[in-house]
Amino acid sequence: MTRDVTLSLAQEFGLDAAEYQRVLDIMGRTPSFTELGIFSVMWSEHCSYKSSRHWLKQLPTKAPWVIHGPGENAGVVDIGDGLAAIFKMESHNHPSFIEPYQGAATGVGGILRDVFTMGARPVANLNALRFGSPDHPATKRIIDGVVRGIGGYGNCVGVPTVGGEVNFHPSYNGNPLVNAMTVGIAPKDRIFLSAAAGVGNPVIYVGSKTGRDGIHGATMASTEFGADSEEKRPTVQVGDPFTEKLLIEACLELMATDAIIAIQDMGAAGLTSSSVEMAGKGGVGIELDLDAVPQREEGMNAYEMMLSESQERMLMILRPDRQDVARAIFEKWELDFAVIGHLTDTGHIVVKHQGVVEADIPLDPLAEQAPLYQRPTVETPKRAPLGEVADPVGIASALLTLIGSPDIASRRWIWDQYDSTVGGQTVRRPGAADAAVVRLDGTERALALTTDCTPRYCFADPEVGGAQAVAETWRNLTAVGAHPLAITDNMNFGNPQKPEIMGQFAAAIRGMREACLTLDFPVVSGNVSLYNETEGTGILPTPAIGGLGVLDNAETATGLSLRPGLDLVLIGTGGTTLGQSLWLREIAGREDGPPPAVDLAAERRHGDLVRSLIHQGKVAACHDLSDGGLLVAIAEMAIAGHTGAVLSGEGDHVFWYGEDQARYIIATTYSAAVLDAAKAANVPASLIGRAEGTDLQVPGCTPISVATLRERHEAFLPALMAQR
């Protein structure tokens, strides 16, 4: 069923009056219903990045080890031994609020396709999740659905979920964030790209059949939520991980031949986006015959087929003489294979259905010449200095509260639902180290992987928060001994039409840029998710960062577990500020002050020292300092190693719980050598304790048993999920 095309319909589809007038000018006539649908999804924020492209161009994307940066399906970096790592992070926020299980599951499926479409076998999944307040009535249901969706899809496909992070905050009550990251490995000289070439070459559809699920999903992801959000369930796609597994194997088998000229997954905006992007990048036209599209529902019209976001589908341009080879491979894997069109020299996308031309649109205005806005920005006001904050409970009592608080408590309930070791290459499992470590099959080397962001810092000062997210990612890779190579970003923000939101976005980009430049840590891929608001209430600005590093020897990867007899050396100083700290929020009940400053030169200097010490074999365990500060980090190491510690540091609650940056705890039997190396590198360092016994002993405090800390640490999520 179609309707007459009017301004009112265009606005329903997400276009504003000026954009609709632009469509009329481009077409020289009123567009058809299908043409309007194509314009609306291609010009949505989700596909066009029309509010963010101006700012994203400021991020550094080049380095000698970067093979492909932003613009392809995923980023590609040289990791040595003739191999490339291909990785990206992407959001599935809006679908995961409406239908948590399928929203999260198809988020995993979509990011897997972005990676294997470039020729990589996926070797690891990670995620970054933000949920509402633990006491909000929807939070438990959303956590349950999201975690089951991620685990169900990843486990069935056979790709380990090796790491991630979780935050809780009331700003996510009506808008959880589900950011999924996949990493794959490919020969660096066998990377497959999406630019179509060769007028007359066939356009091939492979994978699952097309249904009505997900229609206008890209448009739904480009608007904020209201009271009718539950009615948007039909715009959430339905995933089938078993078909995805078959699709991975079939595509990789075909990629071992010389049949493929270009390949693209059908993600947001489905067949529309994949065909427009492939032809647009290649500078050719494309003609589609929708009668040939495999369909699983009867009576689908052109609009529905072009905008469906049914999962597990790919579009390819093949060499005509290799078409039979490709067909045989996909039929062997019991997947649909159909010739649905060909490339032309018109520079247009032409869509035919039942002998009727349903769409004929020039490609450039849909892609490269899509609307681009430099929206007004308002800077986030600087927070007033915090001043002195009294300690109302004491050091020991605060630790028992913090170690079990929502943002610090163990995530075991979550990661136990993920298969983190399928494939047999996982060296460091969730919770065992600051970053996941995955061995490169057939070599001694390994990848280190992590996701990081501190949204409360970003809300207080987006520029500092953006820099801190990149710096913490770099620290976590460093803490396992990896050389950090590159990042992927997932920019989760509110309504870009509000100047204060665009001000947050622009400032976060500035902070990220400075951190990436100072740390030689380029951005090679990413995703922007805007309109994360419900009934006018926006999320905390959340520029999630996914980081990738490489270790020359997987066996040298450092964990965070203490063992008896190790000295504890603090790299950096004790805490000096409580601004935006978890101590301030959980103990004092406040969320004010500026976040801790980020000294990027110190980050570089301190991290390079730590990595050097790990490579010299002088570090038995290492943990970066972040949420909760120094004492929480030591407690986490004690819990991981089932070992206590006697601490010698003299300090107040600011010293123990301040969240100053550029800091690590090193556990070592070479403390004198570590301190000498730190002095030579102009890095502050001090001996602050020794691992022994079964209690954590802080000067002036009653000892706390590690067993008690573990019990508190493990209790939060099981208790939350057991509530009725």
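Just so you know, glycine gets a Cβ as well, placed from its N, Cα and C.
Annotation source Swiss-Prot lists active site at His46, citing sequence analysis. Other C-beta atoms found within 10 angstroms of the C-beta of His46 (active site) number 27, with every protein chain shown included.
Positions annotated as active site, proton acceptor by Swiss-Prot, on the basis of sequence analysis: His92. Annotation for His92 (active site, proton acceptor): spatial neighbours Gly103, Ala104, Thr106, Gly107, Gly110, Val178, Asn179, Ala180, criterion Cβ-Cβ under 8 Å with sequence separation of six or more.
Residues annotated as ATP binding site in Swiss-Prot: Tyr49, Lys88, Asp489, Gly526. Neighbour density for Gly526 (ATP binding site): within 10 A of its CB lie 26 other CB atoms from the protein chains shown.
Within the same chain, residues at least six positions away from Asn527 (Mg(2+) 1 binding site) with a Cβ under 8 Å of its Cβ are Lys88, Met89, Glu90, Ser91, Asn179, Asp489, Asn490, Met491. Taken from Swiss-Prot, the feature Mg(2+) 1 binding site applies to Glu90, Asn527, supported by sequence analysis.
Glu309 (substrate binding site) has a Cβ environment of 31 other Cβ atoms inside 10 Å. Annotation source Swiss-Prot lists substrate binding site at Ser91, His92, Asn93, His94, Arg113, Gln237, Glu309, Ser310, Gln311, Ser529.
Annotation comment: Swiss-Prot describes Asp114, Asp265 as Mg(2+) 2 binding site. For Asp265 (Mg(2+) 2 binding site), the number of other Cβ atoms no farther than 10 Å from its own Cβ, over all displayed protein chains, is 27.
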Check: same-chain CB within 8 A of ATP site center, minus Tyr49, Lys88, Asp489, Gly526: Leu56, Pro70, Met89, Glu90, Thr488, Asn490, Met491, Val523, Ser525, Asn527, Val528
Spatially closest candidate among Arg113, Asp114, Gln311, the listed binding-site residues, to Tyr49 (ATP binding site) (Cα to Cα): Asp114
Separation of alpha carbons, Gln311 (substrate binding site) and Asp265 (Mg(2+) 2 binding site) (Å): 9
Residue pair Arg113 (substrate binding site), His46 (active site) - Cα distance, angstrom, rounded: 17
Rounded to the nearest Å - Cα separation of Glu309 (substrate binding site) and His46 (active site): 13
Fewest other Cβ within 10 angstroms of its own Cβ, chosen from the binding-site residues Asn93, Gln311: Asn93
The one of Tyr49, Glu90, Ser91, Arg113, Asp114 whose CB sees the fewest other CB atoms within 10 Å, among these binding-site residues: Tyr49
When distances run from the Cα of Gln311 (substrate binding site) to each of the recorded positions His46, Asp114, Gly526, the nearest one: Asp114
Cβ packing number for Asp489 (ATP binding site), 10 Å threshold: 31
